[in-house]
């Protein structure tokens, strides 16, 4: 009898699951299902903390009636934080495959245009010279079977580099410097930082700036909410004890999360001003293009002001890739700062 009941319940559960997957195909993928559950959990936590506060804090409700702008600013920050979370999670980190398609399509368009206008191409044997940086001139590849993306990616490495060394064994595509294959996304990511479980996506070239703003908004929201909890406990500590226990537990959880957010914000701010990624900092000795670089030298740093500009304003282009610095540039970066360098704005 128990076996029959168990089989009936199992069949009912399987039919219900298949029907759910039919209406919601995204739930059939275990990875996407876990990501969706994490997003629902995060939104629920965001609703619980201020919801409990507004449910028990009558002083806050009275203050809202007297000064509605105070609560309006808080709710605006709350909505902006959730909006930034979904915007960041839905933004592509910048995949190498997308960059390859863009480069190859542009190369095909240039070829068609040159053939239609009956003008010679920009290089011999049908190859195209693509210049990435003004300080590093493009190199001509005489082999016509090498794609435009391969030429572009290899121009970013020092002369004599082997294509096989920088080809991803999973995607079978040449990786530019600072790119890495993400095993969770199963794609190569430009300027790979890390794979964020809470966001369900990688943090890379195109969404690192948005990720930093999300951390800032989340930290501000958590700090503001903690202050509201502390104000409530100071003025209502002698009232219903069970309410105080709930508020203290929530405040303790919020404080732990706030400490983590503050450390994360400071860490990524340090990465921004030095033009590094989490992967490059944590796995510096394992990254092939950083093995010969001294420990305290930031090879991709262009100064504080330039780093901030590139991070905030120039990361939207999927083709914005940085070449490996030359030996002379690395030697210049390793030179200690002097008072004259500070006055000449070398650090900027």
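A Cβ is built for glycine as well, from the same backbone N, Cα and C atoms used for every other residue.
The transmembrane segment annotation in TrEMBL falls on one of the ranges 245-267, 268-290, 291-313, namely 245-267. Feature transmembrane segment, per TrEMBL, maps to range 36-56 of the set 36-56, 99-119. Looking up the ranges 188-210, 211-233 in TrEMBL, the one annotated as transmembrane segment turns out to be 211-233.
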